[in-house]
Amino acid sequence: MKLAVIGGDGIGPEVTAEALKVLRAVRQDVEVTDYDLGARRYLRNGELLSDADFASLREHDAILLGAIGAPGEVPPGVLERGLLLKMRFALDHHVNLRPSKLYPTSTSPLANPGDIDFVVVREGTEGLYCGNGGTLREGTEHEVASEVSQNTRFGVERVVRDAFQRAMGRRKHVTLVHKTNVLVNAGGLWQRTVNEVAQEFPEVTVDYNHIDAATIYMVTDPARYDVIVTDNLFGDILTDLAGAVTGGIGLAASGNIDASGANPSMFEPVHGSAPDIAGKGIADPTAAILSAAMLLRHLGDEENAVRIEEAVAADVSARGDAQARTTEIGDRIAAALSA
């Protein structure tokens, strides 16, 4: 298994090291290539992502990312557009996958959260994030700024189909989240596509929520959800709320996936680089470890993905609110898997 590893910035290298430790506890065939990508490289020489980097990344089975970002040192948007989004578009990571699960001992801000266990399938290469927009008469009182939400039948259908396929392995329920009553063109395309693809999956029940209603239900009744499918912007917002109701983004893993398998998919914890605690050895690597489990599942190793997830669940339950150092958590989970 050839992995490209981008430790990145802040706590990224620390949590990624623990994820690799756990991966090696279940797989003896892990070959790693480290990549110096992120704010450190940009601040050192102004480079973000070269053609040579892309060519090399494509030679791997998957990519494991730690965190990217240096708030206050790099202007907003530079790393996001020049590195993360560039990689997403070039490697066709059209499925952004975000599982949300409330562990028994995790603290939810909800009084009665119920049994929360759902995934959000977010479209990753279209919508408002595709870079279709611009400004006119900038700096004047007549300035005009526009961002165009681009939605194609091809792009929408492949993500919707992915959501239905995932639902078949879960509780067989898909909820489309959009704003079809206002965004009638894009929303209409999404709704028609869901209706048509649903005919191929008669065992899967289908529901629809407006995005504003979905934010309410995610707080009042999150257990209603199994698989949510939505566009780029709505998915970005909704998944952060999902992280909050399940105990915070410290346990939130994600995958940026090319479902066709033509390019290596990338897996990462949702949290940022957290430069304020970098180097202190107190960052929680759990989300990075769960991202490694997602990576294995994507590559077809369901058995070891489940083993890691079960070991994480046991460790989270045992630790409760007790604080542990980054390496201690990785050591415990790796030891449990090696026993």
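Cβ atoms here come from the backbone N, Cα and C positions, even for glycine.
Per Swiss-Prot, the features are:
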type: BINDING; residues: Arg88, Arg98, Arg122, Asp212; note: substrate binding site
type: SITE; residues: Tyr129; note: site 'Important for catalysis'
type: SITE; residues: Lys179; note: site 'Important for catalysis'
type: BINDING; residues: Asp212, Asp236, Asp240; note: Mg(2+) binding site
type: BINDING; residues: Gly272, Ser273, Ala274, Pro275, Asp276, Ile277, Ala278, Gly279, Lys280, Gly281, Ile282, Ala283, Asp284; note: NAD(+) binding site
### Query
In terms of DSSP three-state secondary structure, what is the assignment for Arg122 (substrate binding site)?
strand
### Nonlocal residues around Tyr129 (site 'Important for catalysis'), in sequence order (Cβ under 8 Å, 6 or more apart)
Leu85, Asn232, Leu233, Asp236
#### Entry: Binding residues Gly272, Ser273, Ala274, Pro275, Asp276, Ile277, Ala278, Gly279, Lys280, Gly281, Ile282, Ala283, Asp284 (NAD(+)) - maximum C-alpha distance in whole Å
16
### Query
Which one is it: of the binding-site residues Arg88, Arg98, Asp212, Asp240, whose Cα lies the shortest distance from the Cα of Gly272 (NAD(+) binding site)?
Asp240
#### Entry: Cα-nearest neighbour of Asp212 (substrate binding site) within the listed binding-site residues, Ala274, Lys280, Ile282
Ala274
### Task
List the residues of the same chain that sit at least 6 positions away from Ala274 (NAD(+) binding site) in sequence and have their Cβ under 8 Å from its Cβ, in sequence order, or write 'none'.
Gly10, Ile11, Ala67, Ala283
## Note on the structure
Within the same chain, the residues at least 6 apart in sequence whose Cβ is under 8 angstroms from that of Ile282 (NAD(+) binding site) are Gln323, Arg325, Thr326
### Query
With the Mg(2+) site defined by Asp212, Asp236, Asp240, which remaining residues of that chain have Cβ atoms positioned within 8 Å of the Cβ centroid?
Ile211, Thr215, Leu233, Phe234, Gly235, Ile237, Leu238, Thr239, Leu241
### DSSP-derived structure type at Asp276 (NAD(+) binding site), helix or strand or else coil
coil
### Task
Please work out which residue of Arg98, Lys179, Lys280 has the most C-beta neighbours within 10 angstroms of its C-beta, and give that one of the recorded positions.
Arg98
